[in-house]
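Below is one structure; the comments refer to it alone.
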Amino acid sequence: MAPPLLDLPSHCLLPRLRRPTSGRLLLHLRLKPLSSSSYTTTTTTTTSSSTSSSRAPQVPPSLHGPSLRRGRRLPGETDGLLSFARIFDLAALRVPAAACAPLERRLRGHLLNWPRVRNVVRQPGDDGGLLFPVPHPSLATPSSLPTAVARREKLAREFNARGFVQFPNLAKMSRPPARKRKGKKDEGGGEAAATARDTKDKVYVVEVIGERKEEHGDEWMGLVGEEGFGRITWRGGPTRLLLLDENYANKRVDDLPEAVKVVLDHETNKDGSSSYELVQCQLTLFYNYWPMNEILEEILPEGIIVPTGFETVGHIAHLNLRDDHLPYKKLIAQVVLDKNKPKIQTVVNKIDAIQNDYRTMQLEVLAGIDSLVTTVIESGLRFQVDLSTVYWNSRLSTERQRLVDHVFKNSDVVCDVFSGVGPIAISAARKVKYVYANDLNPTAVEYLERNIVLNKLERKIEVFNMDARRFISSIYSSQHVHPVTQVVMNLPNDAAEFLDVFRGISWNHHLAVPSCVMPNIHVYGFSKAEDPEYDFHERINLTLGENVSDVEMHRVRLVAPGKWMLCASFTLPVSVAFAKPNYIAC
């Protein structure tokens, strides 16, 4: 069976949800549960919408917290992003806004504790503005309540040339809703598209069950507008909902834990009335709430391993999908893009392994902007990179920082043999005395020069575009002002094979042996052996033609099961540097 979004674009159309209605605010009532058969009104956290559905089946006690496998789906046929919406039953305490914070502290441990869901919810339209406060029930009489005429006159006295001075929220509430132009078609696909636009940024919605919509005369609708009419601020002070733990859903006050009842009894007035009300709610979690791994578990067939990680290069997410992921690669990429915006704007997948001398990868753009040019910020430095023409590996940032912070000294002169766009060379140039940077790829050298200027290090780096052996031979054969003290050879596939160039590197050197500076060499390589350090050490000895005894091995990272990337650091032996060369540079 195909996954629910496989044949849909990223802007999947959603069915329209009805607009929220508002209910009558009931304050200072005795604590009692509300009937679930009454009309349902909505309370939102980010944006407002409402749904209604049947009661959920009993959830096994071993399951806790939100999950796509637990909640109820929206009623009716839902597709696109709405297919990921889930409904959960909860209980909540409706409390005055002023008393919300103290009560929250006292009930801590009994409130809802779900990621990205606040246990304090504001009522829709309740922005703290109290227009016509309702007196306490013990003091109010039918004749003391303001009439419609009195309210209208009070509003008229508050108006002036600057608009709503005392009640700024009225300006927004009374603004008529935008209407579509006649003759213009709905470009998004009609009613479903309008709902998709209304709900695309929504994370979750809280619905209060059991309140009835209060009926009002039509004369008020034209005065304050349909949006603001009937909101709780017209009846009393602002209130909040305290969402209780999910285990308290569908319970009465008598069924609550003793610790909760003690807190509520403490807030009860002497006459037996209370300012707190137990209500039943529905919490709807939408597509934007669920993390990437839960979405992928839902849409991928059972038995397929869910891809959980990717490499980030600037605004590009670099995936390494398995063969069984390829039929769903577009879908996976779209989920990765949705869940990592705005940082990630492009998702790519590596088509084939690196098989060319320039170490460039064949990448396929799966979602987002069709551009592989980006800017990477690493250790406070900026690097311009084009992944289609140069090589970059963000996972080696820790290793690069290790060399700069713990290996290189201020007096060092670094020779970066395979520099690429300059992550090691430019990072080292901020600390060391001087840097020689080389790469065979002319495009990489072009970006290297751009990055040097971008980071204002032109005076400390000299750039070369040569073969590695020719580069090392030219550095040692010419009379350079700065003798090399550190050599970095970061080409794990082949770097060890280039070590033969150091044999006899000082054969024609005119200085005496004690005056020569023997560089520290840091060469990288891969090994699948059972003992990777021993295997890599033997390959170094074989290439140099000498047994190098003092080699420090550092495991950089596990690139594949049983395959390690290593860094071998050693000082070039004098016997190797002044031996008879077995290689003649062209």
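Residue numbering: from 1, along the chain as shown.
Here the Cβ of each residue, glycine as well, is placed from N, Cα and C on the backbone.
No curator has checked TrEMBL annotations; they are predicted automatically.
A quick note: this is a predicted structure, and the numbers were derived from the prediction, not measured.
Annotated compositional bias 'Low complexity' per TrEMBL: 37-54, in sequence order. The region 'Disordered' annotation in TrEMBL covers 37-74, 174-196. The domain 'SAM-dependent methyltransferase TRM5/TYW2-type' annotation in TrEMBL covers 310-574. According to TrEMBL, the S-adenosyl-L-methionine binding site annotation covers ARG400, ASP439, LEU440, ASP467, ALA468, ASN490.
Sequence features, as recorded in TrEMBL, placed on the structure.
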{"residue": "ARG400", "record": "S-adenosyl-L-methionine binding site", "Cβ neighbours (10 Å)": "19"}
{"residue": "ASP439", "record": "S-adenosyl-L-methionine binding site", "Cβ neighbours (10 Å)": "30"}
{"residue": "LEU440", "record": "S-adenosyl-L-methionine binding site", "Cβ neighbours (10 Å)": "19"}
{"residue": "ASP467", "record": "S-adenosyl-L-methionine binding site", "Cβ neighbours (10 Å)": "16"}
{"residue": "ALA468", "record": "S-adenosyl-L-methionine binding site", "Cβ neighbours (10 Å)": "19"}
{"residue": "ASN490", "record": "S-adenosyl-L-methionine binding site", "Cβ neighbours (10 Å)": "22"}
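Confidence for the domain 'SAM-dependent methyltransferase TRM5/TYW2-type' (310-574), expressed as mean pLDDT, is 91.
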